[in-house]
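Annotated in TrEMBL:
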type	residues	note
REPEAT	53-85	repeat 'ANK'
REPEAT	87-119	repeat 'ANK'
REPEAT	121-142	repeat 'ANK'
REPEAT	155-187	repeat 'ANK'
DOMAIN	316-431	domain 'PGG'
TRANSMEM	324-341	transmembrane segment
TRANSMEM	376-399	transmembrane segment
TRANSMEM	406-428	transmembrane segment
TRANSMEM	460-480	transmembrane segment
Amino acid sequence: MERKYEKIAKEEESVEGRERRLYEASVTGSVNSLKRLMAKDPLTLARAAVTCFNETPLHVAAMLGHLDFASYLLTHKPDMTMALDLQGRSPLHLASANGYVEMVNILLSANPDACLIRDEDGRTPLHLAVMKGEVEVTRMLVGARPQVTRYKLDQGETILHSAVKQNRLGALKLLVELVGEVEFVNSKDDYGNTVLHTATALKQCEAAKYLVERPEMEVNAVNGNGFTALDIIQHMPRDLKGMEIRESLVKAGALSSRNIPALPGKGHQLMGESGITMVIENPQLSPPPPAAVLTEAKASTPLRGREKEIRENKKEWTTKKREALMIAATLIAGMAFQSAVSPPGGVWDEEKDASEGKMLAGTSIMAHNYPEGYRVFMACNAVSFVASLSVVFLVVSGVPFVKTRILTWLLMIIMWITLTSMALTYMFSIRTVAPTNDHKEVMFLGFKVPDIDKVVMTSLLVWFSLFALVVFVHIIRLLIWCVRKAVRCVCKVGKAIK
């Protein structure tokens, strides 16, 4: 009985040993080792197909690119091309993902249907080749079974969507050129997004440029939210890529969904606040001739789009100006407050009695030594503080008229006054805290002034010159705007009279 059990154990050990040696041969790609195993046991490959639950020797060979080893395996057991590992992947999945062109060729020669197998994520070998950017492998797989290009992943993602999401421009171009059908190029996912929507949302600049240049691409396709590709890029933060994509879309004739004319007889397309597109049938609407529809669309749509763009640019300008004014006003208010509680020269640390009067602790030294200069200093500082606080209050108050362009200009004028007052505050502080021995008299613009006053007055002259130049430029712009408004009013009155 014991001898019988020993014999069975030796047989099991020899089977396990052969499986281990078969795996080692697959890893090293040794065809000679495989031949020796098959010479000892002709059923080696048959057993491997049954006992190797994780991956077959062909999976290992395809993963590592052992071409001769895989060829010998397929010669003796060609059905191994359809075997799946634990993730549902065939050997062709692994060879395609790694870009082994010759390996893919012999696997397709053994069984072209292997390129139709989906793994547990629904991906075919073509999906993996496209995601890895393997252009030649992609060409071979599409040539073997063209219908594989129609396979979709979860949420309706097509092979074109996969190429764009992985930023594989070469694979995208190849797929579009090989298939080239309008329906294929404009296929949508479950959210109604075409590949152009996806490229725009991901700011894949080169992909978007390529797609809008293709005659098959419908640049004004609307997704499930009622947005075109142009709508998507206009609602995203502006950067260089976004501007390039937008320019390419506009050149290709892309429109915003609000500017796309409704097709007569099929209802009106309405855009709600939620962005969902609704179609309301109107059978009483009599369709005008096709020529009239095209003429109206060409004439009115670009004009409306341009007017909308101008309004959006004005709104963006106003928003940015308010933000800049808010930041500047907050900083100036803090500076003015600090100057008030800690004036130049500091404050008295303790009470003193002097011939000029009593000096209280915490009061300004500058106010005692230079009372006239201190009053001017505090007046300018108070103007800066109140004006900057007024700007902050108007911006944060939430009053609707603050968002208008005219009030934005008013806030800018207040800021000019604030900055000028702050400049005067600085000049008077320098004048009062400078040492007395620096007040030598020198000639400045025909007058005898102390040396430190020369610096102050030069600075003031430069500042007011710059201020006057800016005010002059804005006055000219205002006059030009008024003249244009007057001309438009006169033209409207003339047309009304006629």
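Quick reminder: no glycine exception, Cβ is built from N, Cα and C everywhere.
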Subject >> Annotated stretches the transmembrane segment (324-341) and the transmembrane segment (406-428) touching (3 or more Cβ pairs under 8 Å) >> reply: yes
Original post:
Per DSSP, what is the residue tally for the repeat 'ANK' (155-187) in helix, strand and coil?
Top reply: 24 helix, 0 strand, 9 coil
**OP:** Write out how many residues of the repeat 'ANK' (121-142) are helix, how many strand and how many coil, based on DSSP.
**Re:** 15 helix, 0 strand, 7 coil
Subject >> Integer average pLDDT (0 to 100) for the domain 'PGG' (316-431) >> reply: 76
Original post:
Counting by DSSP, what is the helix, strand and coil composition of the repeat 'ANK' (87-119)?
Top reply: 23 helix, 0 strand, 10 coil
